[in-house]
Every structure is written in C-alpha cells, then in structure tokens.
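S.K.: TrEMBL feature annotations, pasted as is:
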ACT_SITE  GLU186  active site
ACT_SITE  CYS220  active site
DOMAIN    42-136  domain 'Aldehyde dehydrogenase'
DOMAIN    164-401  domain 'Aldehyde dehydrogenase'
Amino acid sequence: QPYFEAYFSEFLLCKNELNDTLNNLSCWMKDDHVEKNLVMQLDSAFIRKDPYGVALIIAPWNYPIHLFLVPLIGAIAAGNCVIIKASETPKTTKALMAEVLPSYLDKDCYAVVSAGEEGTTELLENKFDYIFFTGTSCRWGLMRVPPCRGCGVPAVTRPSPSSGAPAMGRIVMTAATKHLTPLTLELGGTNPCYVSDHCEVQIAARRVAWGRFFHAGQTCVAPNYVLCSAEMREKLLPALREAIAEFYGPNPKESPDFARIVDDEQFQRLRALLGSGRVAVGGQADERERYIAPTVLVDVQPSDPIMQESILGPILPIITVTGVDEAIDFINARERPLVVYVFSSDKKVVNQVLERTSSGGFCGNDTMMHLTLTSLPFGGIGNSGLGKYHGKFTFDTFTHHRACLHRNMGLEAINCPRYPPYNQQKLGLMTAAFEIKRKGMCTLL
C-alpha cells in the first residue's frame, strides 16, 4: 500500500478517532438525566453508562491497523476488557500488533490473539459480553462452529468463497446465540454508484476512480459497480481512462501510488472475476507481483460472478440503465448495501436516490468521504451488517445504557393511589400524574 494511502487510512483516521474520544470522553461518560413525570419530580432518573465487560474484537485483513484500533479505542473508552483477534494477513502487521500493544496496555485487561482457523473457532466457543466483528470475503478458511446443545442451533461450516462476509457474519452470530451475546457485524456489501446524465463527468470520473482504486480497491466502502445510461457510459469511459492515467501514469504497474493485492488467494479470486463482461480499460495482471491493473468492465450481466460479491479489488463494472428509476429498481432488487453513491448536478435526483433506497450509509457526489467524519455513524443494514461505530457511536456500541431511578424514601402519601384496594378515584389520580398527552391536540366541541 502506498505510504500516502496507508498514512491517511491507517494512521490519520485512527488518530482522529483517538483524539475525538479523548476530547469528549468526560462528557460521554456522564449520566444522562431524563424527563420525569409529576410523581417523580423530587427523584433522580438517569441513564448510567456501564461497560459490557469482556469484549471480543475480530479484525479483518484489508485495513489491519485501522479496523483493529478504531473499535478498540471505543471499547477501552467504555471501560471494557478486550480480546482482539488480529487478522492472519498481513503477517507483519499481525506480528507488530501482538508485540507492541502489550507494551502500552495492561496485559490483564487487554490481549492480542493470533489464532488460525481452529483457534478462531475455539475462541468463539467462549462466553464474551460483546462481540465486534468486521468481515471481508474469503479470509477464514474452513471454519466450523459446533452446535449449541442448549438452544439447538445446528453446526455451521464456512460457505463457499462467493458467499463472502455476510455468511461469515452468520457464523459469528450463530456462535453468539449460544451465550446470548450482543454483537456488531460490519460485513461490507456490493455498493452501487449511480451516475446521472446531468453531472460533471470529469469530476465524477475522478472521484469514482479514486474511491474504486484507492488501496487497489480493497476497501469495503468502495463503489462496487456503476449504473448509468448508455449515453453516459460513452462519456464516462474516456473520463475514467483519463483519471486513471492522471493518478497512476500510462503504466499503473510502475506507479508508486498504486497498491498490490494482499495475498495469492485474493489475487486468484480477483483474476477469475476479470472474466465477467468485457474489459474496456486495464485488465492486465501479474501473479508474481500480485498486480491487477485498474480495470473497467462493460457489458456485465447482473448474473455474472463479479456482481455476486463485494469485489475488494481494482475492478469496476459498468451496467447500463435507462434512468434513475431503473437504477433505483436495480439497487432495491438486491441486498441492502453498506453505502449507496449517486452523482448528479440535480439535487432532486440525489434526493430521489436517497429517499427511495436503503443502505448503511449514503454519499452524494463523492465516494468514501463520509467515513472520515467521526460525527457520522458507520455501519451496515441487513446483509451489509448490524450496528454502528465511529466517534461517540463506538463508545455507545461498547456501552450498556443502564436505566436508573433513585427515589426518595419519604412523601409516601403521593404513592398511595397506586396501592390496592383500587377505586376510580385512585385511577383518576394515577392517570393525571402519569399520562403523557400528545402535543398540539385540539378538542372538537
């Protein structure tokens, strides 16, 4: 990964999360005092922020520092002990985390686990108070979760590579059911990007190309495919070709700013996906260097293999539609993605896509930049995940919000209407004291 991309994604964004947490933690930790009814005006009603206890964080391979540290920051801030299962790939990053982290954190409260397939299975058999799983496709091997004897949940084996992170999330969720453990699942998704006929083509092409080819496309929020009209495709293709040349030169293989694929397994998976549709830009591959050129595919069919999973590589399929309505129908006919992108100079088109689709996040006229804001929650919905994090949302994810009421031992007379024997007078008093009336209601006489 180029230094620029590594520093921005792995270090700067992590540092922002840390500083945002340190700047605001004293406020986040405070009890939230809530509204009270008439009977409890002299009592104390509040939400206490308690840690869950021992949390398990399972980190993926594509951003092994960022997706390791960001949830860890929130878990520590919330007061939890944490076991972190580092990704087996890249091996250097795994070794670094296992070596360095114990030097800075209490070994009795925080541990880094380097576990293979069997070790991960055994790890999930233990009882945790919270599980945070970030999954990307095909990185777990033939994992098996044993059946839960108490609840009858059957054994689950790792599915075929094409089923990817959602199926791996089901494995984790099945393991969590044994102990009724709450969890967050970040699973990625096939993120659509609609480019309307009314937009600045050159700008759209540069922003789409940056989002798709950043870190050689090995990003869960990268645009997975483009939807546009046939007319826009003819404009977009040369603009994408120009953007790729601008970013990486005439031969991206020689560019110091273009990353390589993380390992041989991912390289072979991606090379097979190049057989979908027709190559319009790029398409070159070098197995020795694990290099796949920035590639744009056309004439792709919805049934092609590349449309069945999160690509996590530098390949961008383009599918033609007649307009925004067909694009929305295409998006809604599939599982809800991690993010929906739309490019248009017409705000009505942007709002139309926003209002008529469902996804974990949404970004208009750009790609990936929404996740740089700690003020926005990041997470999926449905097949793309469960739960959210970033900034205060990470703290809240690892926090049990405990409902608390501390009453006064005196003034027992005001409690008498709730005690038996009951009568209509007591019911009237209780109704007057506890009823919440709808605001703005009018009574017709």
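Every residue, even glycine, has its Cβ placed from backbone N, Cα and C.
What does the local environment look like for each feature on the list?
M.R.: For GLU186 (active site), the number of other Cβ atoms no farther than 10 Å from its own Cβ, over all displayed protein chains, is 27.
Contacts of CYS220 (active site) defined by a Cβ separation under 8 A and a same-chain sequence distance of 6+ are given as ASN62, THR136, GLU186, GLY188, GLY189, SER310, LEU312, LEU338, in order along the sequence.
Model confidence over the domain 'Aldehyde dehydrogenase' (42-136) is summarised by a mean pLDDT of 92.
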S.K.: Pull the DSSP breakdown for the domain 'Aldehyde dehydrogenase' (42-136) and write it out as helix, strand, coil residue counts.
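M.R.: Per-class counts: 34 helix, 27 strand, 34 coil.
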